[in-house]
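Pulled from Swiss-Prot, these are the features on record:
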REGION    32-110  region 'Disordered'
COMPBIAS  67-91  compositional bias 'Low complexity'
COMPBIAS  94-108  compositional bias 'Gly residues'
ZN_FING   107-184  zinc finger
BINDING   Cys110, Cys115, Cys132, His135  Zn(2+) 1 binding site
BINDING   Cys151, Cys154, His158, Cys170  Zn(2+) 2 binding site
MOTIF     167-183  motif 'Bipartite nuclear localization signal'
REGION    175-216  region 'Disordered'
COMPBIAS  189-203  compositional bias 'Basic and acidic residues'
COMPBIAS  205-216  compositional bias 'Polar residues'
Amino acid sequence: MDRKDKARKNFSSSSSSSAASMAALAAAAAAGDGGAALPSPMEEDKKPRLVASSLAPVAGGGGGGSSSSAAVAAGASSSSSSSSVAAAARRGAGRAGGGAPSGGGGGPRCQVERCGVDLSEAGRYNRRHKVCQTHSKEPVVLVAGLRQRFCQQCSRFHELTEFDDAKRSCRRRLAGHNERRRKSAADTAHGENCRHADQDAGRSHQGTGNPPFQIR
């Protein structure tokens, strides 16, 4: 009976110790799961810092993109402003060149070389034909690199070979003018001859009583 009692005691003690060890293991496992599920306050504090640090490069990248876009826009605006300034400078230079005596802008100017007198205040004839009063009467002037003279009949410059001596009208216009004068003189003489003939015929028929025949 003593051996049976001892065996029972040993079994009960071993079973209780095993149960205690199992309970300890279960408690340890439960404690481990709870620690994994519920983070500590220090870990909670670290999380926003990690998130902020992870987002910092992204924000920096966005700022870099905006700064690069701003730099591109600034470069484009500066290039456009420089081109507008250059265009304004070219326009100013063109206006300055047009104001010179040899320029094509402004009012009419004398076409004689080394003259270029402004004819804005000159007479209508001089403005129309682009010649000053002095060079319109000069016997020899230089126009377009040629020795020429202003024709009073054509109102333009001709080379000296088209004039006779010191005449101020070209040979062709003088010939036409002389031809018209001769024709006009011939017509006048013919009319006078006809009129005298009519008068003579009338006087010859006065004694006969017949009316004179007249050509009208």
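Glycine residues also receive a Cβ, built from the backbone N, Cα and C atoms like all the rest.
Positions of Swiss-Prot features highlighted on the structure.
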| residue | record | Cβ contacts under 8 Å, 6 or more apart |
| --- | --- | --- |
| Cys110 | Zn(2+) 1 binding site | Gly116, Val117, Leu119, Lys130, Val131, Cys132, His135 |
| Cys115 | Zn(2+) 1 binding site | Arg109, Cys132, His135 |
| Cys151 | Zn(2+) 2 binding site | Phe157, His158, Glu162, Phe163, Arg168, Ser169, Cys170, Arg173 |
| Cys154 | Zn(2+) 2 binding site | Ser169, Cys170, Arg173 |
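DSSP states for the zinc finger (107-184), grouped as helix (H, G, I), strand (E, B) and coil, give 23 helix, 15 strand, 40 coil. If you take every residue in the zinc finger (107-184) and average the pLDDT, you get 91. Compute the center of the Cβ atoms of Cys110, Cys115, Cys132, His135, which mark the site for Zn(2+) 1; besides them, the chain residues with Cβ within 8 Å of that center are Arg109, Gln111, Val112, Gly116, Val117, Val131, Thr134, Ser136, Val141.
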